[in-house]
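Student: Grabbed the feature section from TrEMBL, which reads as follows:
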TRANSMEM  41-64  transmembrane segment
TRANSMEM  70-94  transmembrane segment
TRANSMEM  106-124  transmembrane segment
TRANSMEM  201-219  transmembrane segment
Amino acid sequence: MLQCIMNAMDPDSTKLLNLDGPLAEPMARTDPLRHGRIEDLYALFVGTILVSLGLVLLQGAGIVTGGVAGLALLAAYITGWPVGLFFVALTLPMLALTARAMGRGFVVKTSLVVLGILLFTLLAPRAIRITSIDPAFAAIVGGSIVGMGALALARHGAGAGGTGAIILWLYRERGWNAGRTQMALDGFVLLLSLVKMSAVQFAWSLLSVVFMAGVLWMWHRPGRYTGY
């Protein structure tokens, strides 16, 4: 009955609902939706903030995470220099390697993100002072925030650092699960962190990697999202 009424009002009104099953069950949309410029810009802004904030929390606890973020944090602990500088220095070469395959748009967006992370991490000490933070909180929340930021950026054609560019390239070209690829690269970063981290710090860093990669593993799989 409801099906007939909706068809009479608007023949197209039932395309997005499966009224033969549960009322709220959506039908699969076959046509991907293109993001608008405002959507892209806002996503890049929010993604940059999330990644940067996650880095601030992790750095406050003296632990690392995976990918370029982890390498940048490790380098910052060793040298005492700003983490954002290492984030840029490590990302640009990796971005250059994937530039041809990923396209100009990806390169431009990721470059803006990296510069935004540099700016945010340089300004963060003036806005946020972390005198004490539980490492478990930093690992879980910081890792999750970095993961959500990376997910937002990936959904809108940008990478959260150099390894993000490589992971996205493998995801697009080979269909590799982004979370699994991230975990493999993160394992290398964690092993490298043993030159500076204690066993306890290593354990908390491992936890942060699990939560960061878990976000991508759960929500950045082929076919999960069709917008572009």
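Including glycine, each Cβ sits where the backbone N, Cα and C put it.
Note: TrEMBL annotation is automatic and uncurated.
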Student: I need to check the long-range neighbours of the transmembrane segment (106-124): which residues 6 or more away from its ends have a CB within less than 8 Å of a CB in the stretch?
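Tutor: Answer is 40, 44-45, 47-49, 51-53, 55-56, 82-85, 87-88, 91-92, 95, 98-99, 153, 156-161, 164-165, 168.
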Student: Six or more residues out from either end of the transmembrane segment (41-64), which same-chain residues have a Cβ under 8 Å from its Cβ atoms?
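Tutor: Here the qualifying positions are 35, 70, 72-74, 76-77, 83, 87, 109, 112-113, 116-117, 120-121, 124, 128, 130, 133-135, 137-139, 141-153, 155-156, 158, 160-161, 189-190, 193, 197, 201, 204-205, 208, 212.
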